[in-house]
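Participant: Pulled from Swiss-Prot, these are the listed features:
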{"type": "ACT_SITE", "residues": "H65", "note": "active site"}
{"type": "ACT_SITE", "residues": "H111", "note": "active site, proton acceptor"}
{"type": "BINDING", "residues": "Y68, K107, N537, G574", "note": "ATP binding site"}
{"type": "BINDING", "residues": "E109, N575", "note": "Mg(2+) 1 binding site"}
{"type": "BINDING", "residues": "S110, H111, N112, H113, R132, Q256, E328, S329, Q330, S577", "note": "substrate binding site"}
{"type": "BINDING", "residues": "D133, D284", "note": "Mg(2+) 2 binding site"}
Amino acid sequence: MTVSFENKDFNQFINSSKFLVEYDVTSALEQEGLKQSDYAEICRRLNRAPNRNELGMFGVMWSEHCCYRNSRPLLKNFPTTGSRILVGPGENAGVVDIGFGQRLVFKIESHNHPSAVEPFQGAATGVGGILRDIFTMGARPIALLNALRFGPLDDEKNISLLEGVVAGISHYGNCVGVPTIGGEVGFDSSYSGNPLVNAMALGLMETEEIVCSGASGIGFPVLYVGNTTGRDGMGGASFASSELSKTSIDDRPAVQVGDPFLEKGLIEACLEAFKTGYVIAAQDMGAAGLTCSCSEMASKGEVGIELNLDLVPAREKGMTAYEFLLSESQERMLFVVKPGSEEELRELFIRWGLYVEVVGKVLKEKVVRVIHKGEVVANLPASALADDTPIEEHLLINSTPEYLQEHWKWTEDLLPKTLDDGIINIKNNLFISWNNVLLELLSIPSIASKNWIYKQYDFQVQSNTVVSPGEADAAVIRIRSQNDFSTKPKKDRGIASVVDCNDRWVYLDPQRGSMSAVAEAARNLSAVGAEPIAITNNLNFSSPDKAVGFWQLSMSCEGITKACLALNTPVTGGNVSLYNDTKLPNNTVIPIHPTPVIGMVGLIEDINKICKKSWVKAEDQIWMIGLPLENNINQDERISLSASSFLEYIHGLKTGRPPEIDLNLEKQVHAFLREVIKQGIVNSAHDLGDGGLTVAIADCCISSGYGANIILPPSQSRLDRLLFAEGGARVLVSCSTDQSVELKKYYKNISLQGSILFSISHLGNVNNQKKLLVSQSNNTIIDVNILDLKDTYKDAIHKKITK
């Protein structure tokens, strides 16, 4: 129960003889990001006032970053079970069974605020942290992905943030030897003061023994392994749980400093140590450092841990207990090991160039007891720190916020009438041809090629990358056995992975936008032939203390839940990042677009049958699977110019309600797509995303070098709607004439078996003329040279940065 105080009452409380302390409580609470009600609850639980070290421990462990005090009730509604799920939310990472004795471990996490302050180190340590979550479970890291958001690139500050973040990601990933195989990047003014850096990692394990974090074995030794502990990253968890301001932007000590070469040794040493059977439990030291690792290991194991800070390897002299406990120095682990194994493990870790010390033991009493300079400096119930943490009570508004009610009034009828060759641009009241509309959309950084970014990443290290960044709708890596003694898996299996979120859609309808993010991720996996298995999510939102902010978060969680249930993709865990707001000097607060990033993984049984997005040969037929281009498109709310890239970037309007998400239709389209890929009926596949039909066709042309002849059916629909409307459940495929016969035959056969919600539509043919030609009723609508499309698309971000 939340207790509220008048200032007078709180002063009386803290000055009472029972709770009197030597430090200034008010300033200490402000420093730790705690409320007066939190302090009263701490005193109630302890039946005494906390000392300054203990208050710091509560500050980080009761922060949103560590305990999800604002979001936990919403997360409980996610579907978390399934036939392949071995480990769900609550551990360092999720684990799914992919057959043949192999398990896939994966998770996504944010490093947003540190990257705003120090983009290189913030992004680099974000990569290091997510890798530790993976190998702490006993899995070898095999791939990295990322989802990034920045402000517009006409601002030098945003360019600097982009360059720093990309450099940090590439530095850490390249040095540690894990390929960065995919991701997504978006740009919007809402991220100008608060960029988003979400890192996802995948790992492979071939043992039945999953290393968990719950400590056990009374009296068993606690082992510290890895890097030394310094003063970097002090209070990082609390820092990540508050809005960014001019003061916090200057708070560089809250950003950690990473060493990827040491992490590489830590990976190998930990995996070797796990094979000995000596390790009972393992926990990496991420947010809240030693405090969090000790608290979580003790709480999950329903035991206690005694930690002697005098034995912790220190990087700097004169460190206080407070600094040891809250430091977030990187590349550190805490183990509980079997008695008698200490020396053997010590030799192992030293051989890999790591610090290793026995720093404590497991206790029967369920407390975290900390010793420094021979004295007990903290003694707290483990559950109070890591399990029985506060939950904020928010009143969920029961009506759509006013800003959305206004946006949802917008209709396509408010746009100028379309002409055969173009449209009047609302933004400046000038005519723009369809050719130039397409070129303009391809030059937008959110749509344009991200080759400037991914060419800085080593995506071929480990030699398992099957699909390189930008080649297909999802990244694909080969599953290569890590152990000679494992059950012999098929050599040609693969894992597909993707990260997705259309933040503009989520801003304009949090529930529909979030459903769409899940559906698009599943559609992208299906477009390479992968069966979606499960998701991890990163919920990036603004302050939940504002009614609209909490409503957005709640509606988003509802949308994710609905989509995951419909598409059979359980949630294995993830991360919540709140208070992504920028406070300007005039006290104006700018919230980011709500951005629930969906990381999804899928299984491919034969990587020789995957599809990329490029046309394969001239004269192939181009088909669209899903919603048809027919007269009734005007009445179909599943396809719309509302909330579209066309509306925002051509007309300067970010408005309207995003299209309806038909999850049953999505499921049918995905299953059909996977099957025709498996049967070898189609040569390429690409979903229709930002920019709609014409941008998707242009993308296929650019990546292949071939052109396309597209003939739009006669329609009463607006031309811009046919060309650039957006919506789900639509995929382009190409196939030969003979394959087209098989495509129609297979569609007819399944149509006879039951109710089919989608159609297949012949749109045209691949050509060798190096041109994209779009016509309707013998009128040429678009006629663009592929080289012009390619130059615009490939160089857009580079030109913005070097202008």
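Here, residue 1 is simply the first one shown, and the rest follow in order.
Cβ coordinates are placed from backbone N, Cα and C, and glycine is handled just like the others.
Walk me through where these features lie, including what they touch and how far apart they are.
Facilitator: Secondary structure at H65 (active site), as computed by DSSP, is helix.
The Cβ of H111 (active site, proton acceptor) lies under 8 Å from the Cβ of G122, A123, T125, G126, G129, V197, N198, A199, each on the same chain and at least six residues away in sequence.
Listed in sequence order, P89, K107, I108, E109, I535, T536, N537, N538, L539, G599 are the same-chain residues six or more apart from G574 (ATP binding site) with CB atoms under 8 A from its CB.
Its Cβ taken as reference, N575 (Mg(2+) 1 binding site) is surrounded by 24 other Cβ atoms within 10 Å in the chains shown.
Around the Cβ of E328 (substrate binding site), 32 further Cβ atoms fall within 10 Å across all displayed protein chains.
Reduced to three states, the DSSP call for D133 (Mg(2+) 2 binding site) is helix.
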Participant: Roughly how many angstrom lie between the C-alpha atoms of E328 (substrate binding site) and D284 (Mg(2+) 2 binding site)?
Facilitator: 11
Participant: Restricting to the record's ATP-binding residues (Y68, K107, N537, G574), give me the longest CA-CA distance in Å as a whole number.
Facilitator: 17
Participant: Compare the C-alpha of Y68 (ATP binding site) with the C-alpha of each of the binding-site residues S110, D133, D284, Q330, N575, and give the closest one.
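Facilitator: That would be N575, nearest by Cα distance.
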Participant: Which of the recorded positions H65, D133, D284, N575 has its Cα closest in space to the Cα of S110 (substrate binding site)?
Facilitator: N575
Participant: Looking at the recorded positions listed here (H65, D284, N575), whose Cα lies nearest to that of R132 (substrate binding site)?
Facilitator: D284
Participant: Between the Cα atoms of N575 (Mg(2+) 1 binding site) and N112 (substrate binding site), what distance do you get, rounded to the nearest Å?
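Facilitator: That comes out at 12 Å between the alpha carbons.
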Participant: What does the structure give for the C-alpha distance between Q330 (substrate binding site) and H65 (active site)? Integer Å is fine.
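Facilitator: Rounded to the nearest whole number, the Cα-Cα distance is 17 Å.
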